[in-house]
Amino acid sequence: MSLITDIYAREVLDSRGNPTVEVEVYTEDGGFGRGIVPSGASTGEHEAVELRDGDKNRFSGKGVEKAVANVNGPISKEIVGFEVTDQIAIDKAMIKLDGTPNKGKLGANAILGVSLAVARAAADELQVPLYNYIGGSNAHVLPTPMMNVINGGAHSENKVDFQEFMIMPVGAPSVKEAIRMGSETFHALKSLLSADGKATSVGDEGGFAPDFANNEEPLQYLIKAIEKAGYKPGKDVAIAVDVAASELWNDEDKKYKLRWSTGEEFTTEEFVKYLEGLVNKYPIISIEDPIDENNWDDWASITKELGKKVQLVGDDFFVTNTEYLAKGIKMGAANAILIKVNQIGTLTETMESIEMAKEAGYTAIVSHRSGETEDTTIADLVVATNAGQIKTGSMSRTDRIAKYNQLMRIEDQLEGVAEYKGINSFYNLSADAREEISNK
């Protein structure tokens, strides 16, 4: 193989118009790779540090020239000369160079940009698709999408406490058909909202954020939209929600407050019962962050209570970190992890988290961030790891659609071996639970 000869970073913009880091890697034999780093709006307390400039006179302090300088300076000096295929060694060298537990010195956005660009350069050098380079010849599972079609909580200005309401085409025979079903349901939902005089403008992730009266009204609209599109709720299209419970938790009172809707307050036990009531009433197959990210014992309790019949996803709870995931597995807390490459900061560490989850029987959902770009790496990553589920936004906005289009390309390339598991991608749930969802 050939050596890395040049690494170059620049400041570009993400889907929200905020600065982010783009990195290009070049090899001596003409290999080229480019990676663009996403960013989140709501971030976990323990995420790797996204280095921003802090200069209020430039991009309101959100510039990333410091991170860019770190790539073009110390990181480039360290990594130029490495074999481009030495991904693990390159990632570990950058982690060592940074020397902090949260990548706060060089910036996770600087390190990740290089990590992603190196992988693409290696794939280009070998003349193979990125998913094939990362996952080898066994990469063949196309993911069941989580499509965020209604936004609430911190992602909106309506009276809805939950952050995201998603549809999952669990009954589709292929990812191409899953995307079609999602698109048809999305447009049916838009038609219903418009007919009722509700706003149909879209948010950061392409979902609608009209004014609703409470947390159940969006669920009711989703049921109507699924049916209007010609599908059966549960059997064909299931529902997933992101509660983002840390946004609702009051650490002083030790209660969850529905701060955007009714103002009701719940003890942890009452809140779990509240969520269980929704699971029993609607075809909800997945709940993300149902408990505050720092309440480990409560996470174990809700998993014991609901973990056999609904996917319980740790996002802010695990932040794609193997240390937190290992603790969760030991405690029996959650049964799934959301995988965000910029939460941990390198491709190697991301892969380690996915592998650890799968070995423990946890599902791994590869995810976008609210501040996305045209980079489609996560589409290749989810196939490379056979993770089985992806969360990459709604059926609008090019930054989201780019990932769906890439999945359809990959499915075409894997003709004859591609597998779409749908409801069976929820291997963390009992067979009875999967059957029950289909019959709701």
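Going from the start of the chain as shown, residues are counted 1 onward.
Note that Cβ sites are derived from N, Cα and C of the backbone, with glycine treated the same way.
Around the Cβ of Glu205 (active site, proton donor), 28 further Cβ atoms fall within 10 Å across all displayed protein chains. Swiss-Prot lists Glu205 with the feature active site, proton donor.
Summarising the annotation, Swiss-Prot assigns active site, proton acceptor to Lys340. For Lys340 (active site, proton acceptor), the same-chain residues that are 6 or more apart in sequence and have a Cβ closer than 8 Å to its Cβ are Pro38, Gly40, Asp315, Val319, Thr320, Ser367, His368, Arg369.
Look at Swiss-Prot and you will find Gln163, Lys340, Arg369, Ser370, Lys391 tagged as (2R)-2-phosphoglycerate binding site.
Look at Swiss-Prot and you will find Asp242, Glu288, Asp315 tagged as Mg(2+) binding site. DSSP classifies Asp242 (Mg(2+) binding site) as strand under the three-state reduction.
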Additional residues around Mg(2+), ordered along the sequence, whose Cβ is within 8 Å of the centroid of Asp242, Glu288, Asp315: Gln163, Glu164, Val243, Ala244, Ile287, Asp289, Val313, Asp316, Leu338
By Cα-Cα distance, the member of recorded positions Glu205, Asp242, Glu288 nearest Gln163 ((2R)-2-phosphoglycerate binding site): Asp242
Nearest of the recorded positions (Glu205, Ser370, Lys391) to Glu288 (Mg(2+) binding site), judged by Cα-Cα distance: Lys391
Rounded inter-Cα distance in Å - Glu205 (active site, proton donor), Ser370 ((2R)-2-phosphoglycerate binding site): 6
